[in-house]
Every structure is written in C-alpha cells, then in structure tokens.
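So the structure is just underneath, and the comments pick up after that.
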Amino acid sequence: MNSQVSWWVFGVMSAVLILNVEFSIVEGGGASEETKIHIVYLGEREHNDPELVTASHLRMLESLLGSKKDASESMVHSYRQGFSGFAAHLTDSQAKRSQHPDVVQVSPNTFYEPQTTRVFDYLGLSPSSPKGLLHDAKMGEDVIIGILDSGVWPESPSFSDKGLGPIPKRWKGTCVDGVNFDSKKHCNNKLIGARYYMDGLFKKNKTDSGIIDTEYMSAREALPHGSYVASIAAGFVPNVSDHGFGMGTARGGAPKARIAMYKVSDVLKAMDDAIGDGVDVISISLGRSIPILSEIDVNNVFSYGAFHAISKGITNIAPWIITVAGTNLDRWFPTPLTLGNNVTLLARTPSVKPEFQAELIYVDSSKKITSEAKGKMVLCFITAESEETADDYLNQQMEVEAKGLIIAGRRSDMVIVSGHMILTNIDYGQGTTMLNYIKSTSKPTIKMSPSIKLTGPIVATKVADFSSRGPNSVSPYVLKPDIAAPAVSIMANGFAAESGTSLATPAVAGVVALLKAVHPDWSPAMLKSALITSASTTDPHGEPIFSEGLSRKLADPFDFGGGLVNPEKAANPGLVYDADAEDYRRFMCASNYEEKYITTISEQKSLYKCPSPRPSMLDLNLPSITIPFLKEDVTLTRTVTNVGPVNSVYKLIVQPPMGVKISVTPNRLVFNSKVKKLSYQVTVSTTHKANSIYFFGSLTWTDGTHNVVIPLSIRTQMLKYFDQ
C-alpha cells in the first residue's frame, strides 16, 4: 500500500463570512427598495479588543444609515477575530454609498446559503432528524475520543463544553500544565484530557532539540492541525467559512463526544496513556513514507500501540487498524474564466475577487515572468521538467506587478482559496485550450468572475489523488484502505478549508464514536466490519465514485476499501465479521513471524506458541477477501455474527472478479435464538493462464433488508513475484 506522511500543516487564513440572502423592504422618498445582506470586508483588525472592533463597525454603519438604532438593527454579524468586517442589511444604493477609505470590498451575498461544512450531511448524518444514529447515540455524549496529533488550541470554540454534562466517571486521564496551558483554565467537560510528549525530541544534553522556536512545551499547538482534526471528530462551531466558501456550522461526527488530546513525539507512550486513561476511540492522523514497516517491527509504533488498544476494546483508526481513504464532497466552488472568444473554463481555485477583465499572455516554462506582464493575467504550465516552480512564478508575478497567475498542471484535489492574490489553477486540458486561444488572436483577453457554487450529483465524488492506495505491501492478504470518507476542502474549527487524508480519519473516528455509543458491547473488529460491509460503492446520489490520479478511472477496493462510509447503515449492519487478539496472533503466526516477536507485541507473560501447522493468512476473519498469489484452487473460511433480527435468513449474491470462479458453501445462512454465529467456506479458482493484474468483485449476504457486502481482490500469479 502506498503511503505518505499525513502531517498537513497550515496557517490561519483570513475569512469573509457570508450569510444567507434575506430580504426586507426599505421605504422612503416615494419608492421602496429591497435590502439584502452585504458583506463589508475591512481587512486586518485595527484593535485587539473585539468589542472595539464591533464598535467601529457600528460607527461606520451609523454614518451611512443616520442613527445608532438603524445601525444596530441593520447589523447581522460583526467579524472581529481573525480579520475585520461585518454583514449588514443594506440596499444596493446604500452599499454603493458605503465606500470608505478603510473598506477593502463590499459584496452582496448572492449564492452562499448557510450550511454545515457538509461532510456529515453528505454522509447522511443530520441533527435535524428526530430518528437515526445521531439521535440514538445522543451525539456521542459519553464517548471519549483520543486524538494523537500536534496538540490543541484550547480557546477554540470547538472545545466549548456548553450544554455538556459531567465528565464520564470512567475517565482516568488528566490535563497536564505547561507553557501557556493552564489545566484548570483550559480543560473542561469537552476537552477532558491534554498531555504532551516532547522528551523524545531532545538530545542527551537536554538542550538541543528538533523543536521549532514557536512550539510550546505543553499540549498547546503552534500550528492548528490537532485542533482541526479534533473538531472534525467531535467539534461544533457555528459561522465558519474560508473567505465565505463553505459558510455554516462546522459540525463534527460526534458533536457531544469528549476529547482527550495527546501531543505526540512519542506515539507509543501516548497510545499507552490513552489506553490507561480510558479512551474509547483513538484517532491518529500521522503517517510514514515508504517502506512501510511490518506489524512486528519494533519501529512500527502504530501497530504495537494499536494491538494493545484493540485488546482493551478500543477502536483505532496491520489488520487491526482502520485505514481511511480520502474523497471529495458533492460541493465545488469553481471560478469561471471566460476567454475573449466566449469560451468559459471552470478553474478549480475558488476566488473572492470581484469580476474583472485583463489582457492574457503566456510564459513558457523555460522562461521567467518579466515586466511585460505588468497588469496582465499570466498563463504558465508546470511540469516535472519545468525549470520554474509554482512558487517561483508567484514571486515573479508579484515582482513585476502582474494582474494574476493561472497555473496549468496535473489535476489535483488540493484546493486553496485564492484570497488577497489572484492565483488560479487549471488542468493541462484547460491550459491547452487557453494557450490555443492566445495563439489565435493578436490581443487575447480573459474575464475572471467570482466563484459559483455547485452541489449535488453534478459534482462527481472522487477518491483524491493524495489518498493512499492499495495493495498492501506489508501484508498483501489484508485489504487496505478499509473505508473512505471526505477529505477535500473540509471546513472545521473556523480556520480554513483544508484537504488531506488526515481529515478523513477523524471523520470516521467521529462515526465510530457514535457506533460505540449505540453498541457499547461491540468489539473493535465488529465496529470495523460494520463500517466496511455497509459502505457504499456509489456516492449518496447513486452516482459512481471515481479515482483521481494521472488518469481518472472508476474506483475499486484499492482506492476506497469497502467504499464510502455510510454511518446510518453501519449502525444496523445485520451481520458482522468479528475477531479478537488471539485471531490476530494466529494471523501473525500465519505470516511466519517468530514466536518471540509475537510474544513481544501481544505482551504475553510466557512465550506464545503458534499452532502446528501454522494457520493460513486467508483465514483471518476479515470483512474482505484478498488473494495476491492465486494459482491453485484455494479454500478459506469466514464467520459472521448476527446482530440484526434474531430470526433471519440470508441468501448469497456473488459478483466474481474477471476470470475468477467463486464457490460458496453453504449459500444460505439461517439464524435463530440458538444460532447467532455461522461459518461459510469460499473456494476460489482462476481461469487465467498467465499472471494477471488484480481483478475485483464482491460477496454479499442479504436478508432483503441488510446487504452485507465484502470486497474481493484477486490476482492470478502463475509465477510468484514476477510481473509481466
């Protein structure tokens, strides 16, 4: 499985908050004119005191409207934290008269209605529904999520404990004081734990370290990653946006779950403490570059710590870890670029700039942007062979005072809002269209309009290009990733829209917290199985899910595992595939690990003895079947546990991979009050005569209500370890 480091570090960005359009009537002068909400953006704050900032906004409105009363009634929202600005009910004529030396921009709200950050609405979790998982789980109120990340910014509204009851009595953790972190002040009934682990960064002399100067020797973070992750898992922050995009409430998966933050350099120690503290779910948005470490490698702290966690009934996000792929949402804020020949291209980069028109020029990738570009829009292509990077072009643009920069490059799912500068990204195809237009006329022009919003099935769901893919290079018999969740342009914690697989992980952690609340007796494997077997291979609108990369294709299990997570169906999966610590020890035996290493990772008091003969790796009771080296017929066993209606009958549906025969015995499963678990055997054979690529299929048990689906990933290997 390809992997990448998932430390996505980002700064706080200024944001223009845009509310929904509301109308009222202003009468006067013999005519009536309707008002609508306008956004007045003033740039940086002049005062550190928020009250003074709001007072200045009211004075500005008073000078425009004529009285304090009218100013107060007109004001909708005062933006006074990261920047200065306000939303107010104004007529168009009043908005035109509102020009002031301090005003950067005035814009009506024309297309951004309030909404959540959309992640969990997209996944079918709605707080307005009187029934369903959120309601049944009480929004995860008594579940404790341990976040292993970069720390926390405790003042964030994500960690307000308003409306929460007392801390669960089973909690044994603590909040540790440190630099700019006062446990009595900063911890509460929401942020119930905060530890930090920095000793591992110091050298022996205890003075030199790899810690940046701005970092805190406490659970407080210098850069907002951990807070962001925690907010996605269990936050609730109203009125957030990124320059007005994605305006709404940043609601985490389990909004009332409790958060315990572990600021890590020593991951294993943090996981150990989290287990002892009593967390229910561990979310880790960290990763490692290739080569991937084996499950028993002493340096694989994730695998070690996670094994101990599952043995204590803690679900962690090896076969005992839930690995999450990242997708986009059904929401997009493209920027229309209209060429002089009336051809309009939709750029991926959202823009808050007012509409403008400018001359368009092209700069070859072997050249620099020169003074001839002053006041013009510049098209550049970025390739692997380019001498200039995107940063180089950006610096050159500013030096020569070019109007803006259009970068054509490989299609990417990393979306950054173009705020104070004009920087737009398009793909190579769009870039070629634009370049051909430039060559066709003596004076090419381009019109850039404010971004539009597209939602729903028109926006295809894709597994992002940055998301790790299978197959699993360490344990090829174990399918990875397991599940997929949104990870592109995710708004949380009131900072900015960000992208990365580290954002998909806490989304699933939040869902697991809800499942844990409604099924407290389920094992980690049962929870994982429920997620995978109920996942969807189509998006919420029934459209196919694609995989983004060098070329776009239909997504398969190596892209999204079981598919896109479906929280409501996961709460009622019908059947689950269970496994415990002993099953995982047997899997390590099957993987030919030495008994002393298996003893070490599983903390056995005496030497663990593997069965003789050693089991097959295919018999670990996973909610998937992956066969990387199929030559002769193979028979394997799976066992399902009924968690649905007591008296249930399930029938079999098989979609075999291309060129593969699947035989299942029995083909009917009957459960009753005495029969809660049943096993079935699967025989797999190939019709291929030569080595093949992986082909994919599925095996489904259905009772007419529940469809319990596991993915099949089969590769024929007549010559092992040989690719033709």
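Cβ coordinates are placed from backbone N, Cα and C, and glycine is handled just like the others.
Pulled from TrEMBL, these are the features on record:
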- Asp149: active site, charge relay system (ACT_SITE)
- His225: active site, charge relay system (ACT_SITE)
- Ser502: active site, charge relay system (ACT_SITE)
- 38-113: domain 'Inhibitor I9' (DOMAIN)
- 140-538: domain 'Peptidase S8/S53' (DOMAIN)
- 619-714: domain 'Subtilisin-like protease fibronectin type-III' (DOMAIN)
- 7-26: transmembrane segment (TRANSMEM)
Integer average pLDDT (0 to 100) for the domain 'Subtilisin-like protease fibronectin type-III' (619-714): 97
Counts of helix, strand and coil residues, the domain 'Subtilisin-like protease fibronectin type-III' (619-714), according to DSSP: 1 helix, 60 strand, 35 coil
Nearest-integer angstrom distance between the alpha carbons (Cα) of Asp149 (active site, charge relay system) and His225 (active site, charge relay system): 7
Protein Cβ atoms within 10 Å of Ser502 (active site, charge relay system), excluding its own: 26
Cβ packing number for His225 (active site, charge relay system), 10 Å threshold: 26
Number of other Cβ atoms within 10 Å of the Cβ of Asp149 (active site, charge relay system) across all protein chains: 26
